[in-house]
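Asks: Input: one structure, supplied below.
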């Protein structure tokens, strides 16, 4: 992930912007600082600047005042950037905008939405929101309170505010960029003026986001001038996990240590326990974080795709300014597995397909079709010959897959573990495989290189209080982060109670990490384990049913301050568990439905109800 930094130069003297300040340091301190600075490279300076800022915030130190005479010219205003992010993409875009604003001499500040008070918008002149969308159109957890405030009657009128919104989402889903659309509408309703039109960016958002930021900055240069970039600092707290310089854009080349199937021979699922060696990388992570994995497309799929549109793969194409063969571009740079509605609609027009054109006019049918097909299936709907440029114009750029980390570093050291469900099904008699999951499970041999990075997730974290009880709901591969939670709690010697609810199809074939859970039960680290195997009896039973079965105990734990976690499928499981939790609160707390919903909402705001759903 990118870190917000205050840019400093290297060399034998202090950076000019720093030297220009009325220094609060004595001569000895200045000399010591200068000697240290000259020994650091640009990357180290960037880290140190963020670290010292975090210290200054935690110790409530003030930033030195800069008078008009100490800067080139006084600022006519400042830019406030607010990010609403679930997995880190929106945060990364917001940090990039901050750096670019600083470089342009614009005074700017960056806020995590959870740290920003909505009423303070009345004091702002220029605000940019960068917002991702969680689940089925929900605001990310860090933006729930701000989202609720801005749509309430408590929100202030904002006639003096100019704003812009960049939404991130996936057009495959019905509520594409819904959180960005919400913030845009809220601000308009409050009388704010759009600085720039909202951008609804898809999965491959990088190029569109870069152009949008350029547009924003070209406007802001005329309206916000003169502030020294060194005064622009992020106000969100420095993470407890030191951020490495490896990121989505600059991943670390690790190696695959283990890929072990952990479902039974007769299971209908192929779930893998993956271990990746991070030795000498310096990468650190916390329970709740995710690992980003860059993958390569299967040669067989690339060849089939080329054959379907009459291309050889030897054609030369330009990718990011580099000349590549089409085969190489499809292998390393383009998404050729999952279909999406935009692909279907564009191919329908290009191929003049009546069938696909008719389908594209029905949004619900289009989404359903795109969900169950892959790119190759769409291209085979019509026999057409495409040019290399036409083919690439249909495709999204390849993006890494994020997997919930299934290990604690206090337990495994310089390794990271994943629990990966291999996507595998048949379509019209042919096998279809997921891109990243099949890469990890089938393409890579042990010892092979794999490019990875850590995506920190501050919205899914263990409580700082080791005495707090935990209730963890993780069916299927949703069990992954709770393996890391339990490992961490054991290594910390945490006294808090731990309760795990796991579900899958059958006890004998699909009980993931069964031996480990039994060990933790025996040792007392895990206080309770409830399981729901849906196909082991005539009537299907799921984790939400187990919650309702134990409603009295769930309520008791909540009253004792328990934290409630859910990981796994967003489309059905997470919704059903959410409704079951409300029912538990309603029945056991003696509340009506509306009051129970408010209680659960307050749990989320207090970060005692956290979800990692997908």
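These residue numbers are counts, starting from 1, taken along the chain as shown.
Any Cβ shown, glycine's included, is placed from N, Cα and C.
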Asks: With 534, 535, 540, 541, 542, 543, 544 listed by Swiss-Prot as binding NADP(+), identify the candidate in 466, 504, 576, 612 belonging to that site.
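Replies: Same NADP(+) site in Swiss-Prot: 576.
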Asks: Which state, by DSSP, holds residue 542 (NADP(+) binding site): helix, strand or coil?
Replies: coil
Asks: Any idea what the model's mean pLDDT is for the domain 'Flavodoxin-like' (79-217)?
Replies: 94
Asks: Based on Cα distances to residue 88 (FMN binding site), point out the closest of the binding-site residues 421, 436, 535, 542, 543.
Replies: 436
Asks: To the nearest whole angstrom, what is the C-alpha distance linking residue 540 (NADP(+) binding site) and residue 421 (FAD binding site)?
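Replies: Answer for this pair: 21 Å between alpha carbons.
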